[in-house]
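Report on the structure given below.
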Amino acid sequence: MTTEHTTAATRSTVYGYPRQGQNRELKKAVEGYWKGRVTADALRATAAGLRRDTWRQLSEAGIDEVPTGDFSYYDHVLDTSVMVGAVPDRHREAVAADPLDGYFAMARGTQDAAPLEMTKWFDTNYHYLVPELGPDTVFAANSAKQVAELDEAVALGLTARPVLVGPVTYLLLAKPAPGVAADFEPLTLLDRLLPVYAEVLADLRAAGAEWVQLDEPALVQDRTPADLDAVARAYTQLGGLADRPGLLVASYFDRLGDALPVLARTPIDGLALDFTDAAAANLDDLAAAGGLPGRRLVAGVVDGRNIWINDYEKSLATLTTLLGLAGRVDVATSCSLLHVPLDTAAEEEIDPEILRWLAFARQKTAEVATLARGLAEGTDAIAAEIAANRADLTSRADSPVTYDPAVQARADAVTDADGRRSQPYEVRAAAQRAHLGLPLLPTTTVGSFPQTDELRAARADLRTGRTDSAGYDERIRKEIAEVISYQERTGIDVLVHGEPERNDMVQYFAERLSGYLATRHGWVQSYGTRYVRPPVLAGDISRPEPMTVGWTTYAQSLTDRPVKGMLTGPVTMLAWSFVRDDQPLGDTARQVALALRDEVDDLESAGISVIQVDEPALRETLPLRAAGRPAYLAWATEAFRLSTSGVRPDTQIHTHMCYAEFGDIVQAIDDLDADVISLEAARSHMQVAHELADHGYPREAGPGVYDIHSPRVPSVRETASLLRTGLAAIPSERLWVNPDCGLKTRGWPETRASLENLVAAARTVRDELSAH
Ligand code: GLN
Ligand code: ZN
């Protein structure tokens with residue numbers, strides 16, 4: 001394919017870049033500042049150096065227009081709250097005394113002032129700080145950070161485009177401030193917020209910005225007519241300003257849908273759309289809206305949130321189609337590169353044959369620049385790159401790492417019956433009661449016990465060779481023995497081994513499954529200074545040998561009480577990994593489910609009668625638009641059932657999820673057909689128990705009675721009172737007693753005290769029940 005078309009104006013750009021630096025310098029500097037080891041000036045200098053390195057890197061890669069203002073010490077939504085003056089009252093004094101310390105106080109809280117709530121950024125694993133607004137919120141423009149970072153980039157001689165969270169998305173992400181009525185809608189503040197944005201835009205214009213990008217990812221979710229009216233009002237007003245830069249409104253993560261024609265009718269100057277497979281409908285929607293004649297279209301053809309190389313020929317075909325639909329077409333990543341690691345060059349341990357299939361942030365910027373060149377100068381100008389790209393794609397498609405015929409054949413042979421327990425719940429429940437002999441209101445925990453520094457040090461010693469694996473195993477066995485004996489002494493009914501051998505609940509399994517790759521430096525920001533290294537689900541998945549059976553049976557050998565086996569479920573394995581993009585997610589989930597099914601069956605054969613398959617991510621990967629949800633929930637629940645349905649009726653399957661808002665998926669939770677579910681509930685006063693009851697949930701449930709997110713020890717009285725609340729919704733034969741989540745982040749002293757109180761509370765309420 002040769003494109004004759006030459007569009008000299010085509011530019012390449014990205015919307016944001018990883019902030020941390022190659023060696024997580026930002027994490028070290030920020031945490032050093034918190035501990036008083038790094039001065040504010042040194043922190044600022046480190047940050048400025050990182051921004052400079054990023055811009056240089058982008059410009060050397062051939063990116064024509066670099067983003068500014070996307071950098072953050074903690075979170076860009078928090079930065080937006082500062083930019084519009086939405087500082088909660090409880091933090092005002094701290095911010096006035098010292099803006100930097102006040103900023104971190106909002107992010108992390110202080111002795112007297114709680115932090116802002118944190119929640120997931122759309123369907124990614126990045127967390128933002130939720131703005132708190134109310135009818136009395138007074139906005140005030142503070143463009144200092146945006147202007148300063150633009151100045152820095154301009155001083156390097158670069159063409160720069162400031163990136164802001166757009167006003168509609170900002171308000172849609174906010175929640176009512178403490179004390180404000182729960183039904184307050186922050187979007188009602190739009191008319192008050194727009195003048196602040198107008199002021200920031202004018203400041204950026206004065207500082208030399210030709211263009212400003214306003215990110216409106218909230219518009220890729222289902223929006224009401226009132227929301228769309230707000231969009232029309234916002235951009236009609238901002239577009240009508242006399243003194244302003246060009247306005248580029250950006251969307252990503254899904255199709256823009258109904259908001260596309262609404263935005264196209266406003267006087268904005270450009271639109272950025274996601275054209276990866278997930279949002280392919282944007283192409284038709286754009287054509288249907290009559291395109292953007294005379295205006296700028298930024299085409300996100302390079303996936304900004306996954307780690308596979310681009311398919312150049314496919315992207316060029318899309319770009320060529322788009323040429324007819326806008327005054328000018330620029331090439332970009334689909335979203336900020338915040339969601340991918342920095343550079344594949346650091347991965348010296350990955351086979352070079354596999355490494356060529358992967359593109360991290362640095363490689364993606366080169367892809368964008370190459371595609372822009374191909375679009376501007378014709379495909380002949382990048383013929384060598386296209387040939388190399390085709391060879392890399394072929395290498396991946398043909399590799400035995402990608403494709404294992406035995407795995408595919410097994411997945412193809414799955415029948416509906418494989419995903420159904422052999423007996424209905426009532427029969428299973430009776431068999432389990434007879435087999436396990438548990439008391440009323442059985443007590444258990446969610447899996448992990450405190451991960452002490454000593455355990456982490458033992459793992460580090462194993463990695464560096466200071467301990468051999470025999471020494472490490474010995475250390476883990478000792479920990480398991482202590483955890484078992486502690487639980488027996490405390491009087492817990494269903495024990496766990498405590499998960500001391502797990503670095504992370506996904507990584508542990510990824511390291512033991514064929515088809516998964518681990519990275520050494522593939523850090524991605526999760527929140528603030530916390531970074532994670534998601535494994536790469538690269539090919540067909542199989543389980544070469546048992547992964548947990550040894551530790552679990554060792555724990556069971558130490559006690560007569562049942563020990564619960566502990567696995568991470570298929571949906572969570574996908575949600576916290578980079579997933580393959582060459583087959584439907586449901587197919588990948590099914591392969592992971594079959595591997596886990598083997599583990600579940602082996603645990604049962606080894607004498608384990610209770611097995612928990614955790615799915616804390618079931619809700620977070622729910623598609624952003626309602627239309628996509630039924631299909632997702634169908635494959636997600638099928639995968640869970642496939643992994644758990646191979647067992648006997650008297651083997652009890654548990655699952656666990658940790659969030660309080662699960663109204664949208666209560667039917668899916670029911671469809672998992674787990675015998676017992678534990679859920680987070682302590683903070684919401686057992687609200688989930690009532691939601692389950694309203695739904696008519698027929699099986700056993702343990703709404704958490706101990707909030708493990710805080711070091712606070714709940715008393716026997718308050719725990720018993722939560723249990724009584726639970727009993728009002730769930731009958732005593734079906735109510736379990738457990739904490740909200742695993743205990744790995746807690747210390748031993750508060751864990752001990754809290755679990756002792758939990759057992760005492762269960763006994764108190766059991767006595768009350770038998771007295772009736
Ligand atoms: N079993 C895991 C644990 O206890 C569950 C963790 C989670 O839900 N995120 O640590
Ligand atoms: Zn949990």
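Just so you know, glycine gets a Cβ as well, placed from its N, Cα and C.
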Let me know which member of E638, E680, E718 TrEMBL also records as binding Zn(2+) at the site of H656, C658, C741.
E680
Select one of E65, E615, E620: the residue that TrEMBL places in the 5-methyltetrahydropteroyltri-L-glutamate site alongside R24, E25, L26, K27, K120, N125, W576.
E620
D671 (Zn(2+) 1 binding site) and C741 (Zn(2+) binding site), distance between Cα atoms, whole Å:
22
When the Cα-Cα distance from E499 (L-methionine binding site) is computed for each of the recorded positions E25, K27, D671, H709, which gives the smallest value?
H709
Give me the count of other Cβ atoms within 10 A of the Cβ belonging to W576 (5-methyltetrahydropteroyltri-L-glutamate binding site).
24
Write out the long-range same-chain contacts of L26 (5-methyltetrahydropteroyltri-L-glutamate binding site), meaning residues 6 or more apart in sequence whose Cβ is under 8 Å from its Cβ.
R19, Q20, T46, A47, L50, Y73, T529
With every protein chain in view, what's the tally of Cβ atoms within 10 Å of the Cβ of K120 (5-methyltetrahydropteroyltri-L-glutamate binding site), excluding that atom itself?
15
Long-range neighbours only, meaning 6 or more apart in sequence with Cβ under 8 Å: which ones does N125 (5-methyltetrahydropteroyltri-L-glutamate binding site) have?
H339, V524, S526, V532, P534, A575, W576, E620
Other Cβ atoms within 10 Å is the metric here; tell me which of the binding-site residues E25, D614, E620 scores highest.
D614
